[in-house]
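Since the structure comes first, as structure tokens, the remarks are kept for the end.
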């Protein structure tokens, strides 16, 4: 996100020979045109006149990278880890569907997209480390606000323990039942605050790295920073998954009546948000002590040469002195929008990021429902696939670009290859999908009685069962039932805290001969065990799909930073990486469209989804993923064909020097 300034030609003499000399100076290695000499802003590490000698050990790119990485880790823990792990729990606790939780996830990107260009434009000329201190404060504040609904929503009421013989009568309190969903707006506010905090981190923070290190090391440093940002989600998935094993209202209230196997169990999703709030605020201290430019920045800048896409925009900006104040912002933006290679890469990066954010948000939910796993275990598996795969892909690509010193043309070719492989690997959704286990009243009838999509049949019509309490049981006929009441059970026994229901009028004969000691019409608490064995296959293929998808991230960043818009605030690329607003929403709508059984509370208000059509969900997700991959490949290929490298610097330098000599003669 390096921003190279523009020479202020308004203060230059208007003589033709000096104008030619200024053009020669643009071509030869030297400080970025128009940027104030970094030497004047290079200073010691500290606060004002207080500059302890010990702090100067950190006054270098490695010291800054360490602080940057820690902030990226905390940001990743919250935004890409804890929130994704908590989505399923938040849906059940606050009666939200996947489309609405998709809006929550997309709110971060909304704030990022709105602010990125402005922060990049003004922050480029400001004190970037202090912007990072502001980023630390806002990320901590967003984490705190995200946890507030837990404290404001009161004690979690999971309902009376369902004994299975019948359902009691409950009254509807519309205001109380509908108030929980209003916390949607608090979550959105928290995500907006997190987006405000993330904007300087991934625009100015990365630009500061690129400004401070030599060209051949920039991709490696940025790759390390991005990889560390992926360590955060790994910690978030693990930490969040473990906290889901703690009851939601601990330590205020324990719940001896329900356990982890009970579908009404909700974990303590909010604890980690408070920890990250205070941890992030501690990083305000180190960022506030860095100087505006690290020592040696001027020397690094003097060795960098522009490799801007040769469409004439660089000369236009230099001649018109564009980019010095806010009045130039519309013109500068128009110049970038008219750059065909830049726009192709931005569209390609946006479609890739759309898929990445969609899967990051809903992959645990997909695993949970597709392969019949618990929320905690699904979150752990999702983290194992997404985080190491993404980190490995970015590190590999960063090393390859740095080691082989790939130019812009070869970088685009490299991106084309990795995206094509990722498209092929995404077909894993087709051949590893799982069908649904039989569910009475949803996917099949009650032994030939009743109708599909109707939980009531003649065998349970007199039980007065309530749809508002989902407590699945698995019958000996290997069919799942909504609750013991809907299974027609009239009695139960408890052994080792496990309930077994007897005399269930809706349960048919077992498909396999039962043991002699087991009654034929029994049901066990919990969902039926899935018969699908494709989970290891899916995880393996999807892991490599993630690796090849993220292998294009670092090269794309380097291409934008270094080669396409060297002359102007190239943080616009970060907008493309975060302009994934439709991603979580699109995935949420697709997942909701595959729902076959919704949670309907006592007031007939629809909440979260209990049962999905697994095949439809898989086809919807592969359709979205494949369409985005094809769009990505098309625009990367277009960028490859349209890109024109700048003239050879040495040849240009010689030609301009001859012209200057001719004028002097």
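Including glycine, each Cβ sits where the backbone N, Cα and C put it.
Any TrEMBL annotation is an automated prediction that lacks curation.
Pulled from TrEMBL:
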type     : residues : note
REGION   : 15-40    : region 'Disordered'
TRANSMEM : 65-87    : transmembrane segment
DOMAIN   : 65-641   : domain 'Major facilitator superfamily (MFS) profile'
TRANSMEM : 99-119   : transmembrane segment
TRANSMEM : 131-152  : transmembrane segment
TRANSMEM : 183-208  : transmembrane segment
TRANSMEM : 220-248  : transmembrane segment
TRANSMEM : 268-290  : transmembrane segment
TRANSMEM : 341-363  : transmembrane segment
TRANSMEM : 383-402  : transmembrane segment
DOMAIN   : 453-508  : domain 'Kazal-like'
TRANSMEM : 534-553  : transmembrane segment
TRANSMEM : 560-577  : transmembrane segment
TRANSMEM : 618-643  : transmembrane segment
Query = Are there three or more C-beta pairs under 8 angstroms joining the transmembrane segment (341-363) and the transmembrane segment (534-553), sequence spacing 6 or more?
reply = yes
Inquiry  = Take the C-beta pairs under 8 A between the transmembrane segment (268-290) and each of 99-119, 131-152, 183-208. Which stretch has the highest count?
reply    = 131-152
Ask   = According to DSSP, how is the domain 'Kazal-like' (453-508) divided among helix, strand and coil residues?
value = 3 helix, 15 strand, 38 coil
Query = If you count Cβ pairs under 8 Å, which stretch among 131-152, 183-208, 220-248 touches the transmembrane segment (99-119) the most?
reply = 183-208
Inquiry  = Below 8 angstroms Cβ to Cβ, which residues of this chain, lying six or more residues outside the transmembrane segment (183-208), approach it?
reply    = 1-3, 64, 68, 71-72, 75, 78-79, 83, 90, 94, 96, 100, 103-105, 107-112, 115-116, 119-120, 123-124, 128-129, 131-132, 134-143, 145-146, 148-149, 152-153, 222, 225, 557, 571, 574, 577-578
Ask   = To what whole number does the mean pLDDT across the domain 'Kazal-like' (453-508) round?
value = 83
